[in-house]
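Down below is the structure, laid out as structure tokens.
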Amino acid sequence: MGLETALPIDGVLTTQLQKVINWSRRSAIWPMPFATACCGIELMATAASRYDLSRFGAEVMRFSPRQADLMIVAGRVAVKMLPVLQRIYQQMTEPKWCISMGACASTGGVFDTYAVVQGVDQFIPVDVYVPGCPPRPEQLIEGVMAIQRIIDEDRIPPKGPDGKRMPLQIAIPPTHRVRPQPMPLTVGQS
Ligand code: SF4
């Protein structure tokens, strides 16, 4: 069923150590869900049976940052929660990546108030932005696959001259087209 069926009996497979490391790393991404609002429900749906994030080896949500290498910020982040987010990100193992899921995490969304962080990328390095309010599970999966492609290409996140981690800042394009309403709107009409 696996690799052994593609190899002849007593066959030998040669490769590079770095490719094996990248392959194992990209096949076992362990996310750290930082789900604070409605986007978190879509994150849960992505891991459930219909979308089955397990197909990409990334279903093992860890609630200890020591065991996680992919931060998924799903939902708005209040200013009071920001130190918690930063602390958890700092405690995660290297190399690590970050997905900002949804409009609120990336920009504050409709919550243009003093109490809500207007984009988590001002405080932690974001590698992949997933658009939407909320994003569909397919879009989040596309974001995870973008991280997998980065790992495959051996692009371990670089550090800048100041020693700080440089974000990759990849934006996932929307996966759907806006279509007209299926029936005429009657609200406010006599
Ligand atoms: S982007 Fe939309 S769905 Fe996601 S947390 Fe904000 S309001 Fe909720």
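Glycine is no exception: its Cβ is also placed from the backbone N, Cα and C atoms.
These figures come from a predicted structure and were not determined experimentally.
Copied over from TrEMBL:
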BINDING   C38, C39, C104, C133  [4Fe-4S] cluster binding site
DOMAIN    38-147  domain 'NADH:ubiquinone oxidoreductase-like 20kDa subunit'
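The most crowded of the binding-site residues listed here (C38, C39) is C39, judged by how many other CB atoms sit within 10 Å of its own CB. Working note on the binding-site residues C104, C133: by count of other C-beta atoms within 10 Å of each C-beta, C104 ranks first. Following the DSSP three-state reduction, the secondary structure of C39 ([4Fe-4S] cluster binding site) is helix.
Same-chain neighbours of the [4Fe-4S] cluster site beyond C38, C39, C104, C133, judged by a C-beta within 8 angstroms of the site's C-beta center, are, in sequence order, A37, E42, A74, G75, R76, M101, G102, A103, A105, G109, G132, P134.
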